[in-house]
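Asker: Below is the structure I would like to discuss, written out as structure tokens.
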Amino acid sequence: MAKRKLTQNQTRRIQSNNAKTLHRHKKKDIEWSDEMLGESQEGVVVTRYSIHADVENEQGEIYRCNLRRTLSSLVVGDKVVWRKGNEQLQGVSGVIEAIHPRENEISRPDYYDGLKPIAANIDRIIIVSAVLPTLSLNIIDRYLVVCEIAGITPLIVLNKVDLLAQEQRQEIEDQLKIYQDIGYEILMISAKSGENMEKLTALLAQGTAIFVGQSGVGKSSLINHILPSVNAQVGDVSETSGLGQHTTTSSRLYHLPQGGNLIDSPGIREFGLWHLDAEQITKGYREFQYVLGTCKFRDCKHLSDPGCALREAVEQGKISPVRYDNYHRLIESLSETKSQRHFSLV
């Protein structure tokens, strides 16, 4: 009798269980006894791999470390307590023993495990978009919701503006004005021509920043311009799908010559928000806050409800109709994505 064909979800679950089994097996390979380790010291996680992490000590030296099994999830930017080994074991030089409380973190939805943290202790999120494959205000709004909820300052960067004719550039600037009007900072740059790159590096010097955005928007090109010695692999936009080809495999923290730190993380084709509810997404729109709670009905859905203060603010020109429409698209997508819990990672 022919075997019944597995569904896509069953195949994914089998692959996930297999990967977790291999992960547990590998963790047993290296066991550190207390006498093999030196004194505790402070460090920062600069790269996170599946079962190891690279930690930078206070002298700027980087060591590959194992993780204590009692630790919760570890991400780039985490401040940790670790101990250096007296010798290397299978290329590992020490053990991370504790994680300091995080000032903040950003996470993305994970198909199997709910939320998966990406990075921690961030001062600014650089939302990189581009004129190719297309400028998506909906994607920008998704990232801004995350910034508002996490309490992290965003910077909207439009890359590859050298590809625009003057008329096209004016049209893009008009589209982005809705963000400037509510206090978001916009920077139009070109890694190729160098336009406004000095302004970007000056902003990056003000703390720890992370680049986010779809693949193909030029994040790796920007890093190559800011840090030529890194030589991050650059990916092209697929002619077939219009989506960027993945170039970064692990999140990594870089120190910038002019000061500050930059975290580069793997590209995400679709930044899912299914882990949020409608109330959280509403709080992610900063210009909505002054009218929330003033609607006629407490359970107002902010659509055709009578006495909706939010809709009235849109009609009066106080709130952008584009942002208002994007907001409802995000709300409508919640039930769909929560039932499927499916998004595409590069």
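Placed from the backbone N, Cα and C atoms, the Cβ positions cover glycine too.
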Asker: Under Swiss-Prot, the annotation region 'Disordered' belongs to which of these stretches: 1-26, 313-338?
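Answerer: Of the candidate stretches, Swiss-Prot labels 1-26 as region 'Disordered'.
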Asker: Out of Cys295, Cys300, His302, Cys308, the binding-site residues in the record, which is closest to Ser221 (GTP binding site) when you go by Cα distance?
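Answerer: Comparing Cα positions, the candidate nearest Ser221 (GTP binding site) turns out to be His302.
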Asker: I need the nearest neighbour of Cys300 (Zn(2+) binding site) among the binding-site residues Asn159, Val161, Gly213, Val217, Lys219, using C-alpha distances.
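Answerer: Result: the closest of the binding-site residues to Cys300 (Zn(2+) binding site) is Gly213.
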Asker: Please report the Cα separation of Cys308 (Zn(2+) binding site) and Gly213 (GTP binding site) in Å, rounded to an integer.
Answerer: 33
Asker: Which whole-number value in Å describes the distance between the Cα atoms of Gly213 (GTP binding site) and His302 (Zn(2+) binding site)?
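Answerer: Between the alpha carbons of Gly213 (GTP binding site) and His302 (Zn(2+) binding site) there are 29 Å.
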Asker: For His302 (Zn(2+) binding site) and Val217 (GTP binding site), determine the Cα separation and express it in whole Å.
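Answerer: Distance between the two Cα atoms comes out at 33 Å.
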Asker: Just counting, how many other CB atoms are there within 10 A of the CB of Lys219 (GTP binding site)?
Answerer: 28
